[in-house]
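Working notes, structure below.
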Amino acid sequence: MSMQRIIVVMLLFFLSEGTIFYWLLPDSLTGRVVPHFILAFVLFAAIYRNRHTALILGLSFGLLQDLAFYGKIIGVHSFTMALVGYTTGLLMERRRSTMLMAMSMIVMSTLVYDTVVYFIYSVFKLTHGTFEWALLHHILPSLFLQIGFSLALYVPIRRWFESSGKKKSDEEEE
Amino acid sequence: MFNWMRNKRMFVLMIVFILFVAVLGFSISDRKKLSWPENFIMDSTGFLQELIYRPAGYILGLFGDLANLQEVYKENEQLRITAAAYARDKINYNQIEQKNIELMEALEFTERQKGSNKYKYLIAQVVSSSTDPYNPTIRINLGSKDGIRTNMVVVTTKGLVGLISRVDPFYSSVMPITELDVRSPDSKGIAATVLKEGAAQEEQESFGIIDSYDKDTGMLMMSKIAESDKLKKGDTIITSGRGNVFPYGMVIGTVENRQVGDFGLTHTATIEPAADFEKLTNVFVVQMPNMEENEQ
């Protein structure tokens, strides 16, 4: 699957986050279970392609998310997603990535992502809850969704990224 | 160890970091106009989200309705009773309105005074809703081309929902009143008063400012209430319209309890919001008549 197709799929998932997913979620869970579908794609790109793809995908889709729901501030998701994508790519560069490895990496990176987002918002005084509150209120519940989502789409996404990256990655290795 | 390649990378990283901090700091401010790339992205995503949100809402809302059919039936019953009451009140209202106009003529009201309570309700469809817990923006399908400006009030049939925070040509962002916070850099307070049957706008006695929301209890906080104020539990709180920024008479909620404020000089009250903030489909943007004149 080519990169263009992956981007189209990511766009569809991005659009579903604020619309279909929002309607599927029961009222009591909105604001608590936060979908990170795009982040999952970025992390898969970091693990199964390279860190530069993850950086660019994270930067652009983060910016898209920032702008599409612009209410308070622009750049939080863009910055964090690019940062987390790049670091994950850097850590996983020289390692054989098994499924367990990829999953634990996704869990870690999602936690780091949510933590960084929380701290940016609190530095700019846009949120006043304590970190423990944020952790229990939405970071941990949304982690379960993230695990479920990445497990469900593990096989197809891995295949897409690996098949489209083979030709290029040989050249980049040198 | 640090060759020039590494140093260059470091340098680029620092530049990008500084750039991001600048963008973050800049975007936080109260901007009246957005730049064209922002407008373009916001409008195009708004358009695509609109295509998905409504059908999803219809289908999933239908399942929800089927699940509690009994309640829908009860709701229907209630609506019928309200409709009957409405028909009766309408006749009464028409008479009173006619009389009011005659009296205004007799007292030589200026055009501005006459029109000051004539609000236009623009109906808007919700296009998408952010799932970010720190930024629960709701997007609606009316923009600056439809006369929407920042700080306009957004209501549903139940009550006040939020304020317009950002406007682009065809869509705009709504900040729900659950995001009100005195401590935030862009904090806003809504002047509020108690709804009294048969009292005119000028005769309102109670006064307070709705300025924050408690996320744990789900209650709005109304502060700066005078000690001698007659506000009590169970009162309906509406916007007071003072300051001519927000319109008069939008229902905010009911008073849950009242206590002495932080410094003991004024009182604060907790208010249960009247409107639902989840799964909205249609909202109204309230356009004030003198707002347009101020813009021009």
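Using the three backbone atoms N, Cα and C, a Cβ is placed for every residue, glycine included.
Under the heading transmembrane segment, TrEMBL lists A:6-25, A:32-49, A:69-92, A:99-121, A:133-157.
A:32-49 is the stretch from A:6-25, A:32-49, A:69-92, A:99-121 with the greatest number of Cβ pairs below 8 Å to the transmembrane segment (A:133-157).
When the stretches A:6-25, A:69-92, A:99-121 are ranked by Cβ pairs under 8 Å to the transmembrane segment (A:32-49), first place goes to A:69-92.
Long-range Cβ contacts of the transmembrane segment (A:69-92) within its own chain (Cβ-Cβ under 8 Å, at least 6 residues beyond either end) map to 18, 38-39, 42-43, 45-47, 49-55, 57-63, 101, 105, 109, 112-113, 116-117, 120-121, 124, 126.
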